[in-house]
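**Student:** From Swiss-Prot, for reference:
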SIGNAL    1-29  signal peptide
TOPO_DOM  30-514  topological domain 'Lumenal'
REGION    77-101  region 'Disordered'
CARBOHYD  N258  N-linked glycosylation site
REGION    550-571  region 'Disordered'
BINDING   L599, G600, R601, G602, G603, F604, G605, V606, V607, K622  ATP binding site
REGION    647-888  region 'Insert loop'
MOD_RES   S715  phosphoserine
REGION    841-863  region 'Disordered'
COMPBIAS  844-856  compositional bias 'Low complexity'
REGION    1090-1116  region 'Disordered'
MOD_RES   S1094  phosphoserine
COMPBIAS  1105-1116  compositional bias 'Polar residues'
Amino acid sequence: MERAISPGLLVRALLLLLLLLGLAARTVAAGRARGLPAPTAEAAFGLGAAAAPTSATRVPAAGAVAAAEVTVEDAEALPAAAGEQEPRGPEPDDETELRPRGRSLVIISTLDGRIAALDPENHGKKQWDLDVGSGSLVSSSLSKPEVFGNKMIIPSLDGALFQWDQDRESMETVPFTVESLLESSYKFGDDVVLVGGKSLTTYGLSAYSGKVRYICSALGCRQWDSDEMEQEEDILLLQRTQKTVRAVGPRSGNEKWNFSVGHFELRYIPDMETRAGFIESTFKPNENTEESKIISDVEEQEAAIMDIVIKVSVADWKVMAFSKKGGHLEWEYQFCTPIASAWLLKDGKVIPISLFDDTSYTSNDDVLEDEEDIVEAARGATENSVYLGMYRGQLYLQSSVRISEKFPSSPKALESVTNENAIIPLPTIKWKPLIHSPSRTPVLVGSDEFDKCLSNDKFSHEEYSNGALSILQYPYDNGYYLPYYKRERNKRSTQITVRFLDNPHYNKNIRKKDPVLLLHWWKEIVATILFCIIATTFIVRRLFHPHPHRQRKESETQCQTENKYDSVSGEANDSSWNDIKNSGYISRYLTDFEPIQCLGRGGFGVVFEAKNKVDDCNYAIKRIRLPNRELAREKVMREVKALAKLEHPGIVRYFNAWLEAPPEKWQEKMDEIWLKDESTDWPLSSPSPMDAPSVKIRRMDPFATKEHIEIIAPSPQRSRSFSVGISCDQTSSSESQFSPLEFSGMDHEDISESVDAAYNLQDSCLTDCDVEDGTMDGNDEGHSFELCPSEASPYVRSRERTSSSIVFEDSGCDNASSKEEPKTNRLHIGNHCANKLTAFKPTSSKSSSEATLSISPPRPTTLSLDLTKNTTEKLQPSSPKVYLYIQMQLCRKENLKDWMNGRCTIEERERSVCLHIFLQIAEAVEFLHSKGLMHRDLKPSNIFFTMDDVVKVGDFGLVTAMDQDEEEQTVLTPMPAYARHTGQVGTKLYMSPEQIHGNSYSHKVDIFSLGLILFELLYPFSTQMERVRTLTDVRNLKFPPLFTQKYPCEYVMVQDMLSPSPMERPEAINIIENAVFEDLDFPGKTVLRQRSRSLSSSGTKHSRQSNNSHSPLPSN
């Protein structure tokens, strides 16, 4: 009794309870055993269709007319056919005799137009089955997409019409019925003419034999076996009402759409009544709702037969009998087509069986008593339920109460579609369907008897999915229940709300719906799985990997293409450009260089590639905004001067530097010109080599009226790299003018103090943090970046860089190198930054807040190219902005880490080659130490190669003086040593123990890093996990057995270099002179050794002089 209020109530069907006379003494097992009816012959009217055997399982009806081609045929036209065969009434079973009066029958009308009679006293055995030959009760083309687009009209069996809106997912009652259409004007709109009609046909049947006695229609009556008709025989009067509407074009006569609905009505005529003057049955559910109401507990004695209650499942096409005591299933009969109507013939009366009776019979009396009010409310709610079903591809509606009568009907409603001023409110049924089956996926049960009925489902879904927009999207759902609530109808006069109902107490002994194989839907299943996988992958990548292109291999990226920007135009641009020209300021950068492209930006500046107008060679120009504080600016300039003096074959160096102080807002307006084009993708953080766009100025004159800006984006056709050294472009610039290709290093005026704090570094202002990439040692989220990676190099691995530093390799203008590989030059921007702030005491809350922002990594937020971005707190600069321009050498980018990643086996790493590489690294480190400097951040990603395979040590962001006193170090590096570098696992992996623990350290930290680099050169790793684990063990002097056996001499040297005590580590000069390198034989060994000794000697003398006069990084 709780089924009306719980979600599982309607999964099987809404069943009507009628009490029939039955046999109380029979058990459930005996009832099931005897409840299987034998196939019977059936009378065929008109077409003489053969009888279709049915049983307790679903079997398709033979000779059933396809729903898509149903034509309503009145029975009166058949007698005039020549050679017509007399219709043959159904033959009773062998053991069946004519039933005397008083016996009960269950009469069932199905959608295929057949009438069947079941004997409830004989376990539901089919008494007779009759096909009157007039076709299906429902046929329509209104639901096809080509008729009304995304809307479809669904007819009801009683003549009402509903409209399904797929976009709104709602069911609306159409304010006209079939009869109103027929009564309206024949012309419907300008392009539609309505034709059709309503036909009534009456059939006289023998109540207990099912033989057709006569058929009457508008054309007359015809009788069969009138002589044999017994005067005392009971007669069943069946009246079929069929309504048909067709819409045709007035000019062509082509049919546009049609639909036809019909239903049967039944009346019982006892033997004492006359059959003359038959009047239409009084049992119409629309006219007398009292006889169509749900049978309550008071009326159960009328529908009970020996304590057996009859119920009909509309969704499962079943008629079932339950025992009143215990609610056990006594018998059931399965039809092969949907049930349209049902009647109980008992004691000379015809009782309509409501198809939406949801009363549940259970032995739990306590539940019924405790929830009596809820059950009564649910019974009243489901009394007005609507069932949306599908038969042979055609959607239809069934309801125990005509919902359309609750609302006004307008015969000319469709004519208002063309009238914009016409407003007709349409009642709406919210689309919250109640699936009739408790288990949507059927259990596969093998049975030959089910095959015929299963084919009906298959035909229905196949035809419907091809011809209409599917509402029933699941193949194992024959329909949905749409219960209509009176309470909500009173609150909302124009809305019908659908609610989910369930009944957990529904009898579980009822047999599940017949199974349907899933093999037919394998394509849909596979497509759904693939779509889910693709959608999930896409969502995960977008949510957790916002920049997947940055994870590509550097060898797969491109440097630039010739994808051009449109010329900057518009009144706003002209206004800004006029202001720039009228300022009268002339930039040295724009005077001496022709900007080619923007290579990227880092935490402290923007890097451009520019061509010198004098020598036609390409350089890397880096623009840095200097801090406003004098002390911080002084330290920046001192470090730049010191690094510019480093000249060694194994060390990259700077070329030139100058300062520019443009007028206020001048630099911002220049940058704004470049950011006008929305197609320029400037990331919030520093661009990676994979997505950094290249911008090229073709023609822009500060004093011209028009300017032309072109973009050079990444291109797969570009060569491997930028050239080592400064390449000589043999072709002179075709453009005589140049443009201010610059980006404001500080587009937010509120971070000036933050920059001051950030520039109070012991490390170089030109450097940023370069993090070792890898699975376990940092996920490339450092601060250095390397632009324009090699496309063809097999060693390059993906890396995400945000460096503000530039390390350039051999200088000079090598024409030969440029001619051989004119576009193989590569720029490396990857010098390490300290990420350390000066230990200063903020003088105000603002400066303290800004210092906090500067300390927080990553630092790219201190330099933003987004000129439209405003912060909530702005500070006006106390002095004009000053920019430092540094002219640096373009160099090839292929670091040692990429080289090792491309050689993952010992066989691929020859001992002599690895030692040769290491020796060159040691030579460069020895030169640094001889100059009184220490690198402090040696690792494979900071070691580079020239075009002729000469090793270069770069990324001098953490270079500092070896003799720097403790006081200055405190001033310049307030953070712990391990935090001063990057705080990332990648760099920390190569740091010495004293750096990690924050203790004081010396130049021996570079020796510790050299030991790890030598080990990694000789001992390859297959995975990053193995690399991290092994290097961690080696730091603790736990070497792999393979390394100690294969390289005994190198093992001893590495063990000394990795000593926990800095005093026990050898000097760089001792490493170079180690006996391990004596046996090496490679070209240029002698020259390299002599050059190294010469530079070291001169460097030592210079260092001594510097110590007497001033240090490379003098302190205040």
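Note that Cβ sites are derived from N, Cα and C of the backbone, with glycine treated the same way.
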**Student:** Give, as a single whole number between 0 and 100, the mean pLDDT over the topological domain 'Lumenal' (30-514).
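**Tutor:** Here the predicted model's pLDDT, averaged over the topological domain 'Lumenal' (30-514), is 60.
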**Student:** At the level of the C-alpha atoms, what whole-angstrom distance separates the residue listed as 'N-linked glycosylation site' and V607 (ATP binding site)?
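**Tutor:** Their Cα atoms are separated by 73 Å.
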**Student:** Using a 10 Å radius around each Cβ and all protein chains in view, which of these recorded positions has the most neighbours: N258, V607?
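**Tutor:** By the 10 Å Cβ neighbour count, V607 comes out on top.
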**Student:** Any idea what DSSP makes of V607 (ATP binding site), helix, strand or coil?
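**Tutor:** SS state of V607 (ATP binding site) = strand.
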**Student:** Under DSSP, is the residue listed as 'N-linked glycosylation site' helix, strand or coil?
**Tutor:** strand
